[in-house]
Amino acid sequence: MKRIFQTIALIGKPRNPDALQTHKTLFDWLTGKGYDVLVDHRLANDLDVPQDCLCDLLTIGDKANLAIVVGGDGNMLGAARVLSRFDIAVIGVNRGNLGFLTDLDPESFKEELTRVLEGEFVTERRFLLEAEVHRHGQIKSRNAALNEAVLHPDKIAHMIEFEVYIDDNFAFSQRSDGLIIATPTGSTAYSLSGGGPILSPSLNAITLVPMFPHTLSSRPLVVDGDRCIKLLVSPNNGSTLEVSCDGQVSLPVSPGDEVHIYQSPEQLQLIHPKNYNYYGVLRAKLGWSSKLF
């Protein structure tokens, strides 16, 4: 019987011995079952595995059928921006804090992962955002974000000025500390802490969440996911700004630049155990009340 996943990759730079032990346990367990296992090359100095198993994320995306990300959501975000370019399924073992994107319990993952490897899983496709900085009509820099792209001051927090256009239609101008533009996946992250709404992952929508706006009438806005958001940065801003992608990659923005943010054509193929329930995850992670009866 042909396996659904024959080549499996282990991803995630561990920050603690427990995460490293999970990598080692996974490697030994999967190779013992006859799977071909690739390992994130960033683990080379921490994990005792054959050198020919080590490779970068681009090679993993090209060769593997399944990627197992060990760590927290930050590890998943970093992997997602690369692996979304490839036809590869991704699942996570939670060794972080909240773990909205990493389903498997590190202490008991073997049972659930066995069922996943046998084909008992559900698939979600999560879209990413593309963020571009335009200067004098040319793209100066760009990157992708699974959670959010955030326009904010560079080093010192202060008020900035910009205009917001949706598909070339002027929406509003704003004086604030910045603007969070989030996917449904990112609606439970930075956007949520800024007062934004929680969006079901299947929604084709983008949220715009002002950061400490100067007017009380500024409120979060949800727009169709196929819209292009354009931010025109005022030339009067006295210093350089940034667009931060998932809090991991920063794009410098100068006064007078334009920032274009739109849905990427690439999607992350995220898989979950068969019993996955998004609202159950929200209830557990956010401390919602349990059933009354």
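Yeah, the Cβs are placed from backbone N, Cα and C, and that goes for glycine too.
Swiss-Prot has this to say about the protein:
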type	residues	note
ACT_SITE	Asp73	active site, proton acceptor
BINDING	Asp73, Gly74, Asn147, Glu148, His158, Arg175, Asp177, Thr188, Ala189, Tyr190, Ser191, Leu192, Ser193, Gln248	NAD(+) binding site
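Everything Swiss-Prot records as a feature, shown here on the structure.
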residue : record                       : DSSP (3 states)
Asp73   : active site, proton acceptor : helix
Asn147  : NAD(+) binding site          : coil
His158  : NAD(+) binding site          : coil
Asp177  : NAD(+) binding site          : coil
Ala189  : NAD(+) binding site          : coil
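Between the CA atoms of the residue listed as 'active site, proton acceptor' and Ala189 (NAD(+) binding site) there is a gap of 10 Å, rounded to the nearest whole number.
Overall, the recorded NAD(+)-binding residues Asp73, Gly74, Asn147, Glu148, His158, Arg175, Asp177, Thr188, Ala189, Tyr190, Ser191, Leu192, Ser193, Gln248 cover a maximum inter-Cα distance of 31 Å. Less than 8 angstroms from the CB of Ala189 (NAD(+) binding site) sit Asp73, Phe100, Asn147, Glu148, Ala182, each of them six or more residues away in the same chain. For the binding-site residues shown (Asn147, Ser191, Ser193), fewest C-beta neighbours within 10 angstroms: Ser193. Remark: of the recorded positions Asp73, His158, Asp177, the most isolated position is His158 (fewest other Cβ atoms within 10 Å of its Cβ).
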